[in-house]
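Inspection log for the structure reproduced underneath, given as structure tokens.
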Amino acid sequence: MSWQTYVDDHLMCDIEGHEGHRLTAAAIVGHDGSVWAQSATFPQFKPEEMNGIMTDFNEPGHLAPTGLHLGGTKYMVIQGEAGAVIRGKKGSGGITIKKTGQALVFGIYEEPVTPGQCNMVVERLGDYLLEQGM
């Protein structure tokens, strides 16, 4: 299965039990910042934004004072799982990032999708990739 298929079929799909509700953007990005696959709507990010995200996974709390930036959009960092999941909020939407052995799985959402639904979609794929040694 191609990485693009994972994005299209497992991240940008309808959310279980909520037909028509889906993430607004998603991607799988290597730890080095190389894009493995992304939705057409995923923002163009700067290398320093990806460096900040990777630093926060290695040093939890790093982004809390400044916020998480992706594609020039600033998200307020909210509770996550140290070294495993970063979550951010901006207005009625937000972002979830799950770290696997080799990649970062990104999901960006807006209402009516809820933070919990975004977390479920992103973390389920991230957990699957971890189980596969990725």
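Cβ from N, Cα, C; glycine included.
Taken straight from Swiss-Prot:
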DISULFID  C13-C118  disulfide bond
MOD_RES   T114  phosphothreonine
MOTIF     84-100  motif 'Involved in PIP2 interaction'
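Looking at the motif 'Involved in PIP2 interaction' (84-100) alone, the prediction's average pLDDT is 98.
Here the C-alpha separation of C13 (disulfide bond) and the residue listed as 'phosphothreonine' works out to 15 Å.
For T114 (phosphothreonine), the count of additional Cβ atoms within 10 Å of its Cβ stands at 14 [all protein chains shown].
Helix first, then strand, then coil: DSSP counts for the motif 'Involved in PIP2 interaction' (84-100) stand at 0 helix, 13 strand, 4 coil.
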